[in-house]
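Written below as structure tokens is the structure these notes are about.
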């Protein structure tokens, strides 16, 4: 049996849902109603803008406090950096001396054999 022939024999498929004509004939708001809706949106957006402005102001204050804390503690961090550099230099010296001692110890071990 041919499925295409069977589909043609059944006829056109029934639509489930609104047609294009239904969409075109739907009720629409009047110009006055549209103006009222736009005014309501503007009022809502003003409240939102005020809220966002307040939140931004609070955020700026927090950032300013954090910056002051970081800048105030910056002097101690530079001292810490200098201390780390000195420790690193010492550890480099120790590792160089240790590697030389190992080299000489291996050299003596090779000479003894």
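The backbone N, Cα and C atoms fix where each Cβ goes, glycine too.
Listed in TrEMBL:
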- 80-92: compositional bias 'Basic residues' (COMPBIAS)
- 1-27: region 'Disordered' (REGION)
- 62-92: region 'Disordered' (REGION)
- 94-112: transmembrane segment (TRANSMEM)
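Sequence-remote contacts of a segment are chain residues at least 6 beyond its ends whose Cβ falls under 8 Å from one of its Cβ atoms, and the region 'Disordered' (1-27) has none. Here the region 'Disordered' (1-27) has, by DSSP, the following mix of helix, strand and coil residues: 13 helix, 0 strand, 14 coil.
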